[in-house]
């Protein structure tokens, strides 16, 4: 058996998330596996770095794939992309050691949340941004983000109650402003279910004056979902990059 690392971009708009689901064909994982099987002639399973929800996009999702023999990577990449729909693209395929696993080998991820600040939403970016036209205090958002850096129990920032552990480490949060646009960039060792979207909603509430930046330590300590901000919509979220042990 040979193991390959796939780097994948997709527009999640018309899919019900990444993960294969019984009786559901419109998932990213299912579509990719079916396309690979049409080349190999046998069923395959890919192991993604993690799940993304319906409507969430990826610039650099990663998955591992085990095949029974060696393939010529460039030709396999060409054939696979020919079979995939236009909103899913395999950016790269590379042979890796058999110990590599898309999820278990990952040491961190970077997500971006994209916000449209225009008074009226841009019709062309509506599937890829969250329209939030309120005036924002960017420095207050940056102050609030500072309280989230480091290793914390993020129970207040997940919608799942059965997490084995809510301890996660956030290494960096950037609040980047462009004309009519705002980007929230999160880098850490892992993220809980809905965590980035709840963090984004909370920072937007700070920016719009609905809560103070110095409330963040209390929200963390309360460990209650109701204490944090709203769940920002899925379409603004992008999985930008997955980091592995031999990478920066």
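Cβ atoms are placed via backbone N, Cα and C, with glycine included.
Annotations in TrEMBL come from automatic prediction, not curation.
Going by TrEMBL, these are the annotated features:
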ACT_SITE  53  active site, nucleophile
BINDING   111  substrate binding site
DOMAIN    9-98  domain 'Pseudouridine synthase I TruA alpha/beta'
DOMAIN    144-244  domain 'Pseudouridine synthase I TruA alpha/beta'
Nonlocal neighbours by CB distance (under 8 Å) for the residue listed as 'substrate binding site', same chain, sequence gap 6 or more: 185, 186, 187, 191, 196, 237, 238, 239, 240
Cβ neighbours of the residue listed as 'active site, nucleophile' where a neighbour is any other Cβ within 10 Å: 16
Reduced DSSP assignment, the residue listed as 'active site, nucleophile': coil
